[in-house]
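K.L.:
According to TrEMBL, the record shows the following:
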COILED    91-118  coiled coil
DOMAIN    126-423  domain 'SAM-dependent MTase RsmB/NOP-type'
ACT_SITE  357  active site, nucleophile
REGION    431-464  region 'Disordered'
COMPBIAS  453-464  compositional bias 'Basic residues'
């Protein structure tokens with residue numbers, strides 16, 4: 001029942017304008033945020049159909065104590081979802097009215113001359129072809145198991161393993177109880193889009209992580225070796241943090257930060273289930289972390305996935321939130337530039353991955369360009385995953401080193417990833433990068449991080 005109550009509370013919060021879908025789900029305190037997100041998104045997608053069903057069946061009139069939001073969630077799962085999983089009075093209530101609700105649904109289909117439930121949806125609410133083709137990605141948690149053992153487990157459960165995919169088209173063609181090994185990432189299994197594994201033993205025990213392929217790219221491309229000290233600057237809900245721990249083989253140290261206490265609690269639950277050790281999870285704004293603190297003197301890798309517009313996220317039943325305004329994008333981009341520049345200030349840093357689940361150039365290429373200009377020749381972009389088909393937008397020379405992801409082209413959520421590395425002492429940044437400084441600096445430019453770094457080097461040489 002906790003799932004349905006949480007979903008009803010999120011729906012009520014949306015109606016009151018208390019926040020967006022994603023923020024309300026993460027702040028709900030419900031432990032399985034992806035399961036909750038999917039249920040609310042699907043309920044919203046069928047909202048107009050559910051309202052007609054409730055009116056036609058007179059359910060709310062018959063059950064005075066049943067709140068409309070809870071009624072929608074219950075009826076959605078009863079008629080369109082996986083079937084009611086809750087117990088107690090609400091399950092009994094829904095079952096009492098099942099025949100009437102099913103009859104009303106049948107009448108609706110006759111009136112609209114359709115045979116499928118999805119055909120009742122208005123065109124603007126229907127799932128786009130691209131989004132509906134995004135598979136269910138399953139990352140094998142190598143802290144607890146291995147790919148071969150997980151494959152054998154699913155085969156014993158009646159799934160057919162088709163081997164390693166050779167193309168994106170093979171992923172798109174998946175159906176039924178068939179699955180593949182991903183063609184790009186070695187520990188990622190791919191199932192048909194509507195596969196639900198939230199109740200699977202491997203998921204509940206932390207042996208597998210339900211994580212979109214694009215979301216697996218940041219830790220994969222950061223690639224710290226075992227024993228490294230790593231920062232996950234914006235860690236919640238913890239999937240990327242657990243991926244980092246798996247890459248490190250739980251050897252080394254991860255410092256994981258998030259400012260929101262509820263998100264920190266969610267992250268802690270996930271990390272414990274995943275068997276992560278050697279991770280210091282801190283409720284703190286990363287912008288307030290002092291790069292000169294001795295405890296971070298060995299941090300060589302940083303994963304930075306800051307708050308963004310979330311415009312690249314798709315759902316199993318898409319619910320599109322309002323497009324961010326120009327002012328909102330400007331505010332987000334300003335924050336993203338500050339936090340990226342702050343991250344580059346850690347003295348031992350060698351490699352950083354900046355990623356967002358945004359489609360907007362303002363939050364992606366423009367942020368990277370601005371910060372590279374700010375830091376001059378201290379850091380450079382490296383070509384991330386040359387085999388990846390979608391590259392960064394041509395916002396500046398060198399942006400093709402970044403990568404993008406999208407439902408249509410890579411069968412993933414919309415995503416952006418840039419990999420930055422510190423230039424070796426005396427090395428010149430590639431000519432494809434923006435110029436470090438102007439010939440005639442404007443007032444205040446001498447205080448930028450790149451200028452400060454050059455000033456420290458000059459003083460050191462003078463002393464020597």
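Just so it is clear, glycine is given a Cβ too, placed from its N, Cα and C backbone atoms.
Tell me about the surroundings of these features in the structure.
P.N.:
Panel annotation: around the coiled coil (91-118), residues 49, 52-53, 56-57, 59, 62-63, 66, 74-75, 78-80, 84, 126-127 of the same chain, lying at least six beyond its termini, place a Cβ under 8 Å from a Cβ of the stretch.
This prediction places the mean pLDDT of the domain 'SAM-dependent MTase RsmB/NOP-type' (126-423) at 92.
Residue 357 (active site, nucleophile) counts 22 other C-beta atoms within 10 Å of its own C-beta, drawing on all protein chains shown.
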